[in-house]
């Protein structure tokens with residue numbers, strides 16, 4: 001089942017990347033950020049699922065310390081980058097709906113590039129700070145991780161040293177890359193909602209909302225599972241819940257994102273039809 005989910009996730013996200021790259025009509029800021037998100041989902045899932053499949057199928061339940069730390073680093077960096085990218089995408093939708101006439105001037109290609117690269121660099125750099133502190137820890141005692149991947153909490157529980165500084169820095173950096181983007185998303189969609197309600201016609205309101213409904217759905221699912229995972233009590237009985245919610249945002253959410261973005265997206269439908277028609281012409 002997880003192998004099927006992984007194949008669907010990779011194929012769905014790569015399909016979106018290829019459709020946007022091959023169709024000039026989709027070379028817009030919204031789809032530029034969507035390509036970044038889809039590429040991130042491929043890396044994010046590939047960092048966790050292949051090793052999990054080895055655990056389930058081949059019963060290979062061991063991982064080296066270096067491999068475990070590397071998995072945590074990429075997991076933390078990519079998860080944080082997704083938070084920032086979702087905030088950037090909400091800002092893009094805010095400009096498109098609330099500032100439609102100035103949108104082409106404000107959301108330029110250079111700004112899109114700076115926002116995307118800044119999101120990637122900032123999150124990989126901030127996670128590296130936690131990573132350096134984590135590498136300085138001495139791990140002893142039981143070498144078992146009660147999880148299906150190397151997350152921060154299971155790793156820090158194996159340390160024999162004082163972890164207060166590492167936990168404080170990790171909390172500060174993770175709060176910065178999750179709560180600040182969440183605040184920006186909330187403000188953006190509050191402004192979008194006010195602007196949509198001011199549109200006199202029902203057709204206009206429906207059309208305006210349809211341009212951001214997919215992104216709002218993805219944000220709700222991602223942040224909902226993230227909050228449910230890391231705000232549940234830390235008792236042992238809740239560890240099963242943590243792992244269950246972790247499955248949602250590490251496997252199911254990346255798989256559903258291409259479906260959500262393409263389900264009611266006319267541009268994606270047209271690009272896919274053109275691609276299939278060219279393919280059939282070539283075969284003929």
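In case you wondered, yes, glycine gets a Cβ from its N, Cα and C as well.
Quantities reported herein were computed from a predicted structural model and do not represent experimental measurements.
Lifted from TrEMBL, the feature list:
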| type | residues | note |
| --- | --- | --- |
| DOMAIN | 12-261 | domain 'G-protein coupled receptors family 1 profile' |
| TRANSMEM | 6-26 | transmembrane segment |
| TRANSMEM | 70-91 | transmembrane segment |
| TRANSMEM | 111-134 | transmembrane segment |
| TRANSMEM | 169-196 | transmembrane segment |
| TRANSMEM | 208-232 | transmembrane segment |
| TRANSMEM | 244-263 | transmembrane segment |
In the domain 'G-protein coupled receptors family 1 profile' (12-261), averaged pLDDT is 86
At a C-beta cut-off of under 8 Å, are there same-chain residues at least 6 beyond the transmembrane segment (169-196) that contact it? List them, or none. 76, 80, 83-84, 86-87, 90-91, 93-94, 97-98, 122-123, 126-127, 129-130, 133, 152, 156, 205, 208-209, 212, 216, 219, 223, 226
Return the stretch with the most CB pairs under 8 A relative to the transmembrane segment (244-263), choosing among 6-26, 70-91, 111-134. 6-26
